[in-house]
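Trainee: Before I ask anything, here is the structure I am working with.
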Amino acid sequence: MEVKNFAIWDYVVFAALFFVSSGIGVFFAIKERKKATSREFLVGGRQMSFGPVALSLTASFMSAVTVLGTPSEVYRFGASFAVFFIAYLFVVILTSELFLPVFYRSGITSTYEYLQLRFNKPVRYAATVIYIVQTILYTGVVVYAPALALNQVTGFDLWGSVFATGIVCTFYCTLGGLKAVVWTDAFQMVVMFVGFLTVLIQGSTHAGGFHNVLEQSTNGSRLHIFDFDVDPLRRHTFWTITVGGTFTWLGIYGVNQSTIQRCISCKTEKHAKLALYFNLLGLWIILVCAVFSGLIMYSHFKDCDPWTSGIISAPDQLMPYFVMEIFATMPGLPGLFVACAFSGTLSTVAASINALATVTFEDFVKSCFPHLSDKLSTWISKGLCLLFGVMCTSMAVAASVLGGVVQASLSIHGMCGGPMLGLFSLGILFPFVNWKGALGGLLTGIILSFWVAIGAFIYPAPASKTWPLPLSTEQCIKSNVTATGSPVLSSRPAIADTWYSISYLYYSAVGCLGCIAAGVIISLLTGRQRGEDIQPLLIRPVCNLFCFWSKKYKTLCWCGVQHDSGTEQENLENGSDWKQGAESVLQNGLRRESLVHVPGYDPKDKSYNNMAFEITHF
């Protein structure tokens, strides 16, 4: 295809994003230089407010995958992607009401510390290693995606832009820590929204208004949103998105270190929950923008699809090609869109680097060297940020062979995030599950999710389940038209058309449910965990919702955990009780010196804060 080059103003707008992002890192490096502790660097001193954290959460997971991939998905498969509106709602409610209270009140820094408190060290280390692999793989995809966009619209060297992204992210993350990441994310979220808004306004103007866009999308079958077919082999239906999407995104939000780390950096639990709920508004806004961008793009290309006609080589290049078309006479706006895509990437990569450094430092370095000085701990944390910045950037090379960015990223999260969600669910919801069940369940979930995902990669699903909606090339220049059709399927085993063809959104559900089922069975066979040995703060007694009429049945479902003994509330109000009553946790292998204190409870605010933890920790 013909490459359309940036004008000078495009480069100015694009470069401004990098300068501002780097400047925020420098600002916090100078401002916080006297607070040289690893905890200040990694969790922002636990005194963040909900506003910037909410923007940061939205920006981190609405990455370039959303900016580039979601409009392309809507363009090819229709607006059924909008059903994620429901999945996001379930995810945020479950995260804020089920998982967050346990993590916040435990006073932990790494989510995997919980696994040591609840089970033992081997479970914690296994989960940490899986998280590190998952995050590096995912980050490689989101680094590659905007680099591809920049290469498509400007001809700028693909790998040069990859390394530029990695260098800038690593720079401000290493200098400024979590505070720099959060505030840079907030800035980048604004850039993402403005970028989408310019595309929506100019694109709808080209199409003759939103009314024409909706009419043409309806004629092209793009507005068939609610498809209630229960076939799990269909790529996107109401059920695959609401059920499979909830499992996938709950693994991303509910138990992911990057999310929980920012939530526990808030000064109170109420601020942490507000951050999640305001983040939900951000998710919805970005989703609506991305879906309408896809519909506008279809309206523009309805008679000449640049993908099937051979003008572009991959679906993920649709959005940047469309932007260069509608902004051809408006210098600076193509640069704004590319800055929009890069904003998503910078925020995601920086959050990932910071989270990787945190879990590595807390789960491995501190375990081996528990008496490090604050200064040395901070320098080690910075060194880890640098190391993971290099690793995540290098992993982008592999992303070039993973296919579409949306499916690739969500598949990675499903393969690893599903079993991790199952593991934490075993710990929080099933008091009788022991460490053997947890470890066996995690292994089972990983095997199942990788089996189905790798099988699907080798034997792609039949075209009838995944082929895009009709795309026209009637008004394209004939010399550009290339023959397209359904992929030719070689000899396939019977399992390829059933198990391997399941929707990629169900990978997480397969891993999670497989982990839970195996964990429960193994625990029952090897001897249940004694409820009396588990601190009530580590369990979320959701059975109270279903057995509210009977104290007898509630107590039975607690499996011996002393939720009504009064010690739980006393622990929340007085952190010392947690340490005094921790003998049962010690027998799971937790060293006495690594015990954490419970954050304090403020009866006036009816919320928990980090002050008690800060006092007892230092």
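Every residue gets a Cβ built from N, Cα and C, even glycine.
Per TrEMBL, the feature transmembrane segment maps to 6-30, 50-69, 81-104, 125-146, 158-178, 190-210, 236-255, 276-298, 318-342, 384-406, 412-432, 439-459 (among others).
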Trainee: If you count Cβ pairs under 8 Å, which stretch among 6-30, 81-104, 190-210 touches the transmembrane segment (318-342) the most?
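Mentor: That would be 6-30.
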Trainee: Counting only pairs at least 6 apart in sequence, do the transmembrane segment (50-69) and the transmembrane segment (190-210) share 3+ Cβ pairs under 8 Å?
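Mentor: Taking Cβ pairs at least 6 residues apart, the transmembrane segment (190-210) and the transmembrane segment (50-69) are in contact, with 3 or more under 8 Å.
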Trainee: Can we call the transmembrane segment (276-298) and the transmembrane segment (81-104) in contact, meaning three or more C-beta pairs below 8 angstroms at a sequence separation of 6+?
Mentor: yes
Trainee: With pairs closer than 6 in sequence left out, are the transmembrane segment (236-255) and the transmembrane segment (81-104) joined by 3 or more CB pairs under 8 Å?
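Mentor: In contact, yes.
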Trainee: Can you work out whether the transmembrane segment (412-432) touches the transmembrane segment (125-146), with the criterion being 3+ CB pairs under 8 Å where the paired residues are 6 or more apart along the chain?
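Mentor: Yes, since the transmembrane segment (412-432) and the transmembrane segment (125-146) share at least 3 Cβ pairs closer than 8 Å, they count as touching.
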Trainee: Which residues of the chain, 6 or more past the ends of the transmembrane segment (125-146), have a CB below 8 A from one of its CBs?
Mentor: 63-65, 67-69, 110, 112, 115, 161-162, 165-166, 256-258, 316, 338, 341-342, 344-345, 348-349, 352-353, 355-356, 359-360, 363-364, 388, 391-400, 402, 405, 408-409, 412-413, 415-417, 419-420, 423, 439, 442, 446
